[in-house]
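Undergrad: This is the structure, below, for whatever I ask next.
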Amino acid sequence: MISLIFFVFCFFCSQFSHQALALDFCVADYAAPMSPSGHSCKDPSKVTVNDFVFSGLDVAGNSSKIFKFGFKSASDTELPGLNGLGFSLGRADFEKGAVVPIHAHPDASEISLVLDGKVTFGFIASDNTVYQKSLVKGDVFVVPQGLMHYAFNEGETPAPVIVGFSSSKPSVQLLDLALFRSNLASQVITSSTLIGAEEVKRLKAIFGGSG
């Protein structure tokens, strides 16, 4: 298992080694204003080893009551030493029956390593072809950048997964939330999805949307 986790790290290091910085590092300065390219660099004289260390992926994150799924991030928001390096990690925890709804990362590819249990992963290509497979402990699944994807626990036990991204702070857009947690007019949703008005109203109430 250690060798598989090492593989994940090597994958991202090889993908982003070309993004060499003019300095050895650019530790995020959370006290400074954000720039269009991300966090400003912390004064090197104030950098400590703790800026390159994150603890907490050994325990599960808080789960969504709706989807029974939790995620704990180790991005440049939690680990300042990741700033500018072009990759990050996280831990996903699937309760029995958990679902990660269809979503996309516009600025990042994704790689997932199943630590235990049985999880089905899938993504939808731009030609609407679905690529889906059930994975077990030790299996790895890759999602190309920007494509809609999903996952669900089809096993009888909880399933922890280590997830890597080709961004130090990947953005995410969940389809359910984009439609039903926004103020997008219900008429637009019913017209474009053919979902009935009452069902749209019900889903907006669940997710906290308006319109």
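In case you wondered, yes, glycine gets a Cβ from its N, Cα and C as well.
Fair warning: this is a prediction, and the values are worked out from it, not measured in the lab.
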Undergrad: From the disulfide entries in TrEMBL, identify which of C13, C41 pairs with C26.
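TA: So the cysteine that TrEMBL bonds to C26 would be C41.
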Undergrad: Let me check the 10 A CB neighbour count of C41 (disulfide bond). How many other CB atoms are there?
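TA: The answer is 19 other Cβ atoms.
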Undergrad: Taking the Cβ of C26 (disulfide bond) as centre, how many other Cβ atoms lie within 10 Å?
TA: 23
Undergrad: Using Cβ-Cβ distances, find the residues under 8 Å from H103 (Mn(2+) binding site) that belong to the same chain and are at least 6 apart in sequence, listing them in sequence order.
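TA: H103 (Mn(2+) binding site) has long-range Cβ partners M148, H149, Y150, V172, Q173, L174, L175.
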